[in-house]
Amino acid sequence: MKGFAMLGINKLGWIEKERPVAGSYDAIVRPLAVSPCTSDIHTVFEGALGDRKNMILGHEAVGEVVEVGSEVKDFKPGDRVIVPCTTPDWRSLEVQAGFQQHSNGMLAGWKFSNFKDGVFGEYFHVNDADMNLAILPKDMPLENAVMITDMMTTGFHGAELADIQMGSSVVVIGIGAVGLMGIAGAKLRGAGRIIGVGSRPICVEAAKFYGATDILNYKNGHIVDQVMKLTNGKGVDRVIMAGGGSETLSQAVSMVKPGGIISNINYHGSGDALLIPRVEWGCGMAHKTIKGGLCPGGRLRAEMLRDMVVYNRVDLSKLVTHVYHGFDHIEEALLLMKDKPKDLIKAVVIL
């Protein structure tokens, strides 16, 4: 089968591989729509996961089941499915401990284009199909559905990790697709003031659509200073880190109130350390909590997020700005995420 792959660090190309084989609990899926992610860019061009050779990329897809293993009960060939980017091994001890994302090892719930070939192939393998797939509604646009698989679950996880309370003040650093879903999740959880940090006009408009009450442009000065000025020197209750570089943790610690929570859902693909400023951390005694987590996956979460879209709690249409048609456009769509033109939020390829 054909697939678009990481050939090595800074190397991309089309390759031929054997079609994957389904184990007794697994499924083989043919992608119907895929979306490149900035995580793919970190993986290929920063070597964030190491020097992977001939690994098919991609972890955001909806598709059609073409084969199931003998023990799969709830899905059959022909079913159209949502495939979460995180597909845990549900028989692992880490799942029993409450951390499905790290089943059988740190970040090992994220398998596609990490521990095995991803979804940018003519077919891809899904482990534990009954536990990791969700039925795709017939009338849901494919470009919206594929946003559930990563952008929605990741952004919402930022709001979950931040433990946003009714009326909480929140800063969301980065208003790309994940940050936009962080804003949407914060609003749904009852946040009061939601401050988005970003600069591209198309993202600013989308941030306001999803619930941002204020927008700060990092090009207009240090964002900590801007947040403090906006809040009369008090800072905010919660910070969601959804973009930016290694400096964002220091910024988040500086702008969150004592007793506040910082939630990181950003993929830090380069650098050896993330620095915590000593004084702003109260010399280690400010009761400022720092959390970071890979998004949850699995069938139940995918079904719940899907239903939020079906019942009009969240409109995902603002996330997708570029739609391509045809397998051969995957490379073009991926490089778009690297170049980040001003009119881009997310690109989707319909297959």
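Cβ coordinates come from backbone N, Cα and C, glycine included.
Record check: Swiss-Prot places C37, H59, E60 at the Zn(2+) site, and the matching candidate among D130, D139, D150 is D150.
Binding site for NADP(+) per Swiss-Prot: I175, G176, A177, V178, G198, S199, R200, I265, N266, Y267, K340, plus Y218 from the candidate set Y218, Y311. With respect to their backbone Cα atoms, R200 (NADP(+) binding site) and H59 (Zn(2+) binding site) stand 25 Å from each other. Around the Cβ of I265 (NADP(+) binding site), 28 further Cβ atoms fall within 10 Å across all displayed protein chains. Distance from the CA of D150 (Zn(2+) binding site) to the CA of I265 (NADP(+) binding site) is 11 Å.
Secondary structure at D150 (Zn(2+) binding site), taken from DSSP and collapsed to helix, strand or coil, is helix.
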